[in-house]
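As written in TrEMBL, here are the features:
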| type | residues | note |
| --- | --- | --- |
| ACT_SITE | Thr154 | active site, nucleophile |
| BINDING | Arg182, Val183, Gly184, Asp185, Thr205, Gly206, His207, Gly208 | substrate binding site |
Amino acid sequence: MNPVVVVHGGGGIIRAATVGYNILQEGGSAVDAVEGAVTVLEDDPEFNAGCGSVLNVNGEVEMDASIMNGKDLSSGAVSAVRCIANPIKLARLVMEKTPHCFLTDQGAAKFAADMGVPEVPEKQLITERNIKHLEKEKNEKSAQKTDQQKDLGTVGAVALDSEGNVAYATSTGGIVNKMAGRVGDTPCVGSGGYADNHIGAISTTGHGESILKVNLARLALFHIEQGKTVAEAADLSLGYMKSKLKGLGGVILINTAGDWAVKWTSTSMPWAAAKDGKLHSGIDLDDTSITDLP
């Protein structure tokens, strides 16, 4: 198979796609590639994941992440984790070092410590921009209902490796001014993402509560199972969520043949895809640039 990686997020997206693609080119697995790409995005303060995560109602960072290996459907997830730089790495440890799929809060923190994952001070994850963002949201909150357009800043990646294995990884800080302990779609397998070697892989972003209600990731892959193209599957599943719930979001997905699609109903979604030595990227509809990979 010709390796493919697709990522969604923001500014450092090109670097994330390149890192993921290079891992695949060097013979790394799809799981290695999605973890590598998402780690780049978690480390970038521009993104709502890892360093740069939005703040909850108490001004704290609580992060969610999940990862899945399409080869055997093994998955790992963490929610409401604090004071670690890379929740996606912890999610992978849950997948590979425990009999479980999902750890939360204090249990996840204890497991991280047991695995030697370094704790970072919370202030290292908080940006000035997100402090202001929370203040603004609190001031506006009384005046209006939560706007679903905000905070579609989840990051994620999907990949197909040379062995034909697929994987996804998704990571987020959630939504600004959320209740403490609120968990969205990101760590929930079937909503925040899904990977199955017989179908493909997907990572989602958008209004978490809406995504959870329709199981957006698995819904899109169901359409692929029914014979739809990746683009049709993405449009159908996002369309269903919008018509049923007025929920907005975006998806990146690939099938087992290496066809990929990037679709969204929100205002914009920064994305990048690397395949056959070419890097495709864009932010707004009908705005795609293609360059040669270094």
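Numbering starts at 1 and runs along the chain as it is shown here.
In case you wondered, yes, glycine gets a Cβ from its N, Cα and C as well.
Keep in mind that TrEMBL annotations are predicted by a computer and have not been checked by a curator.
Summary: among the binding-site residues (Gly184, Gly208), the fewest other C-beta atoms within 10 A of the C-beta are counted at Gly184. Residue pair Arg182 (substrate binding site) / Thr154 (active site, nucleophile) shows a Cα separation of 15 Å. In this structure, the C-alpha atom of Thr205 (substrate binding site) lies 6 angstrom from that of Thr154 (active site, nucleophile). The highest number of surrounding Cβ atoms within 10 Å, among the binding-site residues Arg182, His207, is found at His207. For the substrate site, whose annotated binding residues are Arg182, Val183, Gly184, Asp185, Thr205, Gly206, His207, Gly208, the maximal Cα to Cα separation is 16 Å. The Cβ of Thr205 (substrate binding site) has 31 neighbouring Cβ atoms from other residues within 10 Å, across all protein chains displayed. If you take the C-beta of Asp185 (substrate binding site) and look for same-chain residues 6 or more apart in sequence within under 8 angstroms, you find Ser191, Gly192, Thr204, Gly208, Glu209, Ile211, Leu212, Leu216. With every protein chain in view, the residue among the recorded positions Thr154, Val183, Gly206 whose Cβ has the most Cβ partners within 10 Å turns out to be Thr154.
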